[in-house]
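Quick look at what TrEMBL lists:
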REPEAT    11-104  repeat 'Solcar'
REPEAT    114-200  repeat 'Solcar'
REPEAT    212-307  repeat 'Solcar'
TRANSMEM  290-311  transmembrane segment
Amino acid sequence: MVGYDPEAKCVSTAEAAAAGSASGLVTRVLVSPLDVLKIRFQLQIEQLSSRNPAAKYHGILQAVQRIFREEGLTAFWKGHVPAQFLSVGFGAVQFMAFENLTELVHNVTSFNARDSFVHLVCGGLAACTATVAVQPVDTLRTRFAAQGEPKIYPNLRHAVVTMYQTEGPQTFYRGLTPTLVAIFPYAGLQFFFYNILQQFSKWMIPAEGKNGGNVKNLVCGSCAGVISKTLTYPLDVVKKRLQVGGFEHARAAFGQVRTYGGLLDCMRQIMREEGSGGFFKGLSPSLLKAALSTGLIFFWYELFCGLLCALKSPESTRRKEG
């Protein structure tokens, strides 16, 4: 169902966008706490260890307890409004672009639109398109998730106005370069491995045993998310560090803060001060999030597309007429 299939084309571009938006919305609600944990870990300069007394966060359970104690349950959904705009917009643009790109490949080249390599390239390009469209919202989401108490930005409108007036319009695109560098292989590998795992599951599971299609989509998506996230994670850390540039005053309660001059400078400082392990801070909650979010994104997308196809089927039409 994911990507253009000339033999079973029943989802239009608009319907692909709608299914992508809906899948992003539902998934975001479920994985938001892991996203907040991941961002907090990525932005911490100090080593994530209980042996470091200056470190605010040591591990997942300790971080959950501390955030809950200091900021309350709602802290795990900080920045949820911009995050939902991000998820809905990203899902719509990504899947719409992916469907169009795979159809274009099928129509104007000799490649098979169902090939894993085609999904790798088209998935990366579709994600880059979606990233440019929603990058300002991603920056807002990161700022909200990163701030402690008292809040610097009480609401979305205040954040937009303050950032624009004090830092200029370019601040909404902080971290865009590492984001694009990371998102192409990350999203491309998601679609690539999802395609491969789906083909592998068809080979492993006999035709008469394919009733658990939704569970299969969830498992294949989760595995694809874990693999792709692990391979591209360091650039995600760099992106988050750059996105909170100019926001140092709100980070003081969390420990040390740093100012970075750009992508290369950020990478140099992390390597010099934190070592290679600094590029993998927050990997544990990030992998949990990747497994859940990617699995659920593909699960819900396939489910919503299946429902749309079922509603347009001749049997459904006849039932409505009857």
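The backbone N, Cα and C atoms fix where each Cβ goes, and this holds for glycine too.
What TrEMBL says about a protein is an automatic prediction, not a curated fact.
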Using a Cβ cut-off under 8 Å, which residues of the same chain at least 6 positions beyond either end of the transmembrane segment (290-311) come close to it? 1-2, 10-11, 15-16, 18-20, 22-24, 26-27, 30-31, 34, 91, 95, 190, 194, 213-214, 217-226, 228-229
Compute the average pLDDT of the predicted model within the repeat 'Solcar' (212-307). 84
Residues of the repeat 'Solcar' (212-307) by DSSP state, where helix covers H, G and I: 79 helix, 0 strand, 17 coil
On the DSSP side of things, how many residues of the repeat 'Solcar' (11-104) fall into helix, strand and coil, could you say? 73 helix, 0 strand, 21 coil
For a three-state summary based on DSSP, what are the helix, strand and coil counts in the repeat 'Solcar' (114-200)? 73 helix, 0 strand, 14 coil
